[in-house]
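Annotated in TrEMBL:
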- A:21-268: domain 'Carbohydrate kinase FGGY N-terminal' (DOMAIN)
- A:T28, A:T29, A:S30, A:T283, A:G327, A:Q331, A:G428: ATP binding site (BINDING)
- A:T28, A:R98, A:E99, A:Y150, A:D261: sn-glycerol 3-phosphate binding site (BINDING)
- A:T28, A:R32, A:T283, A:G327, A:G428, A:N432: ADP binding site (BINDING)
- A:R98, A:E99, A:Y150, A:D261, A:Q262: glycerol binding site (BINDING)
- A:278-467: domain 'Carbohydrate kinase FGGY C-terminal' (DOMAIN)
Amino acid sequence: MTDVNTTDANTTDAHSSGPFIAAIDQGTTSSRCIVFDRDGRIVSVDQQEHAQIFPKPGWVEHDASEIWTRVQSVVDGAISKANITADDIKAIGITNQRETTVLWDKATGEPVHNAIVWQDTRTDALCREFGRNVGQDRFRRETGLPLASYFAGPKIRWLLDNVEGLRERAERGEILFGTMDSWVIWNLTGGPDGGVHVTDVTNASRTLLMNLHTLDWDDKILASLDIPKQLLPQIRSSAEVYGTAACTLAAGVPVASALGDQQAALFGQTCFSEGEAKSTYGTGTFILLNTGGQIVNSYSGLITTVGYRIGDQAPVYALEGSIAVTGSLVQWMRDQMGLIKSAAEIETLASSVEDNGGAYFVPAFSGLFAPYWRSDARGVIAGLTRYVTKGHLARAVLEATAWQTREVVDAMQKDSGVELAAVKVDGGMTSNNLLMQTVADFVDAPVVRPMVAETTCLGAAYAAGLAVGFWPDTEALRANWRRAAEWTPDMDAAARDREYKNWLKAVERTMGWLDEEN
Amino acid sequence: MPGPIQSLTRAAAVLRLLAGGERRLGLSEVAASLGLAKGTAHGILRTLQQEGFVEQDTVSGKYQLGAELLRLGNSYLDVHELRARALVWADDLARASGESVYIGVLHHKGVLIVHHVFRPDDSRQVLEVGAMHPLHSTALGKVLSAFDPVAHNEAMDVERTAFTHRTVVEADAFEKVLEDTRSRGWASDMEETWEGLASVAAPIHDRRRMPVGAVGLTGAVERVCEEGEVRSRLVASVRDAARSISRDLGSSPF
Ligand SMILES: Nc1ncnc2c1ncn2[C@@H]1O[C@H](COP(=O)(O)OP(=O)(O)OP(=O)(O)O)[C@@H](O)[C@H]1O
Ligand SMILES: [Mg+2]
């Protein structure tokens, strides 16, 4: 007798008759693979964390080989959990942590050094040097970005300068550069055996090396940073077939999309119209506003980036507010401080008190990103008295995420003139009810969570599905969006203003901590 | 200053004995190990059982540590952790069923709603996280009462209010409902708490097979039921979700 209950619970559902789209999300803390059906519903998930390497204060690295091993394993895991084969999968899409930089040997596939992660600040001095007499906005007109250690270009240069013999090998054309999308696609499509070396416009727009207007590498900037062009991948659209998977249980499936994780979330939230925005709460928090075909310059500390480009359609641009540390502060409370055992417990601890007890926590671990862009800032806990408990600190941790959201939303309204009617949220931290209520309170706007919290993977799946005709157009995707929860602001305006002032005072205290010469 | 209370000291000894290497012990083994009269040991075990600190295996009659003890210790699952892990599956249940989804845990003789997903029809709805629902009449409450001995005792003890003329309040009839719930693995509420609303729920277990909560859906009785029964498609969806969440709880915390 066969017992239906012993088969995987996910496959007994009626919705799971194929075909399907798979998506790989190579993230900062973990890699995951999700199989979706035509309605955008999750059929199966597999996920694995990888090691975070902190060689020195301010330095963050990943082992790219470990990441590739994990990616293969989650692809196999998700496909086998779904109880399907490569034949059932129409396309596979890639989304990834952005800016994280790896250089590898073209012939062997061996990375020449650990990948330098986006949070890493080792290129601060280099960036100041590149700014020369102009300052951090030297390449802003071309790239939409300030010169900051966050972006990939300076990380490439650091590797060229610091890995023995690398520059010579790079000039001989033996070395390839990639952000994680390129690394995964190159390996997935065969590696040293015919792997394709490509990146998409969204990832390329985070290198400080791509011109936003031409969507091509900028020769002048390459010369200024002294980066040989033969390292660089070909820039392609975000939704087209780059090649075919040559390994894993997905072998034979077209690889059909690549988007930086934040752009993928914008896509997954179906923010396809000008003026639509989303906020993703993960390791960091990133708020993106679709600005359509317009390249909007920011005067309020945001950055201009490519939202996505579908095949040969016109590119869609976005304004972005990048916040470096939100979920990673919760991880810090768990791993470094040992105050909680799991990320979710921060809510339990924070709920044990009524308020922050006067404490404010500005987690400028990698300097301050939007809207300040101060690499000389470092973290501060302000307002400490004997009264403050770990419960108050937990509150301050959650409030830090909410205040940083507020700062970016304010900047976005200044730059774009668009008043956000509601904040559309996604990401791991949205399971935190207290945090979502606090965001609604501090921003003074409703916070709305869609039914698929995994919008990053969903966005990559959508783009891949569009590329192979699995979905006809973006309108069909919009119909899949459903509201799962909504938090309404419920805070006295005077209290909000008073608290915001305190927060801003605490922010001020982080600045100038590092001296120029460090 | 009064000396230690003998019965508490003995109860502590019984718990320590049962905690040694996850043992299951019979009454005579407990009595012999601690040098107690069988009657005394039985009295202590029964009291501990009523408090949920000890459970008795129905087949072998042997005793083991109970759910309440784990709830007290820090090994107990954090409700926010439960929400984080259940999120994907609760969303999917709402989409599959077209109804609103709730996850509840036992709290102060009632069901505390720790997670709520809106019905996916874009109508205006209010988030009910933090609300308390009754144990004896809701599908979530019945599941908890059927599978968690502590919830069971509380549901038997509380005053069971008749919210509608369908609410089961009488003790024997209520026990029968819980028995049915245990044997089929899910519970329903057909207008027993709110007129016009029906729900169905199933238990969530953690990796020790402890009942840590319940997941269920609620909707208009016309949509949820057919000929006086919950639609079997909805029952299947709820049980799928409960299984998926339980499976995810079996992995190590992130
Ligand atoms: N309930 C919670 N409350 C607060 N923070 C949480 C909660 N659950 C998860 N987090 C935080 O959210 C982050 C994980 O969310 P998510 O998986 O969306 O992150 P991510 O940035 O996408 O990760 P990656 O870069 O690996 O893709 C972690 O930093 C974790 O600390
Ligand atoms: Mg992510």
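Positions of Cβ are set from backbone N, Cα and C atoms, glycine also.
Positions of TrEMBL features highlighted on the structure.
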| residue | record | DSSP class |
| --- | --- | --- |
| A:T28 | ATP binding site | coil |
| A:R98 | sn-glycerol 3-phosphate binding site | coil |
| A:D261 | sn-glycerol 3-phosphate binding site | helix |
| A:G327 | ATP binding site | helix |
| A:N432 | ADP binding site | coil |
Same chain, |i - j| six or more, Cβ under 8 Å of A:Q331 (ATP binding site); the result in sequence order is A:T29, A:T283, A:A343
Cβ atoms other than its own within 10 Å of the Cβ of A:R32 (ADP binding site), all chains, total 24
Record-listed ADP binders A:T28, A:R32, A:T283, A:G327, A:G428, A:N432 have a maximum CA to CA distance, in Å, of 21
Among A:T28, A:S30, A:R32, A:G327, A:N432, i.e. the binding-site residues, the one with its Cα nearest that of A:D261 (sn-glycerol 3-phosphate binding site) is A:T28
Of all C-alpha pairs drawn from the glycerol-binding set A:R98, A:E99, A:Y150, A:D261, A:Q262, the farthest apart lie at a distance in Å of 15
CB < 6 Å to ligand 1, subset of binding-site residues A:E99, A:Q262, A:G327, A:G428, A:N432, seq order -> A:G327, A:G428, A:N432
Check: min Cα-Cα distance from A:G327 (ATP binding site) over binding-site residues A:R98, A:E99, A:Q262, A:N432 goes to A:N432
Per the 10 Å Cα distance test against A:Q262 (glycerol binding site), the binding-site residues A:T28, A:S30, A:R32, A:E99 reduce to none
Simplified to three states, DSSP reports A:T283 (ATP binding site) as coil
Close to ligand 2, in the sense of Cβ under 6 Å, among A:T29, A:R98, A:D261, A:Q262 as binding-site residues, are A:D261
Around the recorded glycerol site (A:R98, A:E99, A:Y150, A:D261, A:Q262), other residues with Cβ within 8 Å of the Cβ centre, ordered by sequence, are A:Q97, A:T100, A:W118, A:R206, A:G260, A:F286, A:S322
